[in-house]
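Okay, structure first, notes after.
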């Protein structure tokens, strides 16, 4: 197990290097930030542009810039934003908690809803409960999330005026963004839980557990759930990555002060250091979560632990 | 008035079982007495397993219904009809008064829980033992089924055990609450012959010790001869013959019983034969039997030609470090 984790850890470092390198390269293809900054200004000479480039540090060769970025990474120094010169680390430490809290509540809501529903659907396969759950999840799957977000704002903020339409301010402000994304994730998760549960319920040890006289809840939530936890956790881990990507759109709609909003502004302003930092942090999160998933395998299944 | 030792502990009366509209068991009757073994014999699909799962009332979870019949069990509260009990009431009978062991020892144990957890589970459920008392009792049970290193075994996981060991764990699990009736659904079918004999001996000894009634489901007449007192022969969901084991073997009435008995190879029938020999097999044809194939010697090998495959001086090694650590390998060799 220790060996396996060491391997995964080295892989994670390699993945991070590759991601940051590609991002740093690709971002520089988007155009010259100096031109962006001088847009609308009157007469700008080539010498002025050179000066700006030097001040921003983008006149140096690419690999020097990348090396400096990597060096900064170890001390959590991502340079300064091209827009306003705020240290990028400050921007990140302000937005990261907002995004993490939102993502965590989305995953939490989705898992807490989808596991009991998926199990219920599996146990009552073919009966009305199963059909209802499947139809609901199909409906949930068919919503585009930005549309759902706007509809929720329309109903709950504008008509009913129950919830704040945007910003992050207390528990109530979490409800709409979290549910918008959770509904779509839950729709997929219910189907996943249902199908892995159906497979596990066929197993002989489930019949054995029932033959012991255990209650149906013990059979399902203790004996069966732990056995189908591996595909579920794998999927939840991957889903978390997708979620961080999808959060950009939702953060825009709800004006959520998170990494997504930060990245969105950085793209439109060709703010290299900010965008580079946001993507690095996001990929670290994704790689980290998948590392945790690998560790969880061993905790769940003793057969993997002894390998 | 019959004396208590010969009154049946479990009686199946006119039992019919249906899945949807297809009837898989039709009007089945039998009973079993404490301390005795009833074998239910039949081919796959004859309804043996459905019978056992109906007694446990587990067949409903796969969609069975009971249009008629009673399953009478004489427990602490006197005689009750298991078919009219609620699932809630059945839960306090399952695993406590009536226990079951299954065909596939490799898949009968939950792979993610330790042996100790799985045995102690029913003890804490039915006997309300504390965790540590239940584990102590589990260890005694493992010793009872003659597993070595019982203490160490409690913390092992199923994948670290061989098939024979797992089946012994299953027996320990089933006997945890000293049930009055044990249903063994082909417990030895998936095991090799030497392990099969061990398991049958253990079952036999424990039956005497606990004075259990055993319902033994099998398709192997060889096993029936070894363990059963009485036999019920099932064919296509119906009981076709019933009787004490000696009578049934000496004088089988129904053609299907004859076919089953004919399928057991006779000891010594190959003595002095240089080549493998084929015997005709008895199969059912409508309501009677028919012989298929003819008796012939399979003298197809040519011993004067060079062999198609030969193995010389073969040595297979396993990485010694791995082999030392791999406890299951060492266990398997015991």
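Heads up, the Cβ atoms here are built off N, Cα and C, so glycines get one too.
According to TrEMBL, the protein has these features:
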DOMAIN    A:96-293  domain 'ABC transmembrane type-1'
TRANSMEM  A:100-123  transmembrane segment
TRANSMEM  A:135-159  transmembrane segment
TRANSMEM  A:171-192  transmembrane segment
TRANSMEM  A:232-254  transmembrane segment
TRANSMEM  A:274-300  transmembrane segment
Task: Maximum Cβ pairs under 8 Å to the transmembrane segment (A:100-123) - stretch from the list A:135-159, A:171-192, A:232-254, A:274-300 - done: A:171-192
Task: For the transmembrane segment (A:135-159), distant same-chain residues with Cβ under 8 A (at least six beyond the ends) - done: 117, 165-166, 176-177, 179-181, 183-184, 186-188, 190-191, 246, 249-250, 253-254
Open item on the list: Checking distant contacts: for the transmembrane segment (A:171-192), what same-chain residues at least six beyond its ends satisfy Cβ-Cβ under 8 A?
Closed with: 101-102, 105-107, 109-111, 113-115, 117-118, 121, 133-134, 136-141, 143, 145, 148-149, 152-153, 156-157, 162-164, 231-232, 235-236, 239, 243, 246-247, 250-251, 253-254, 256
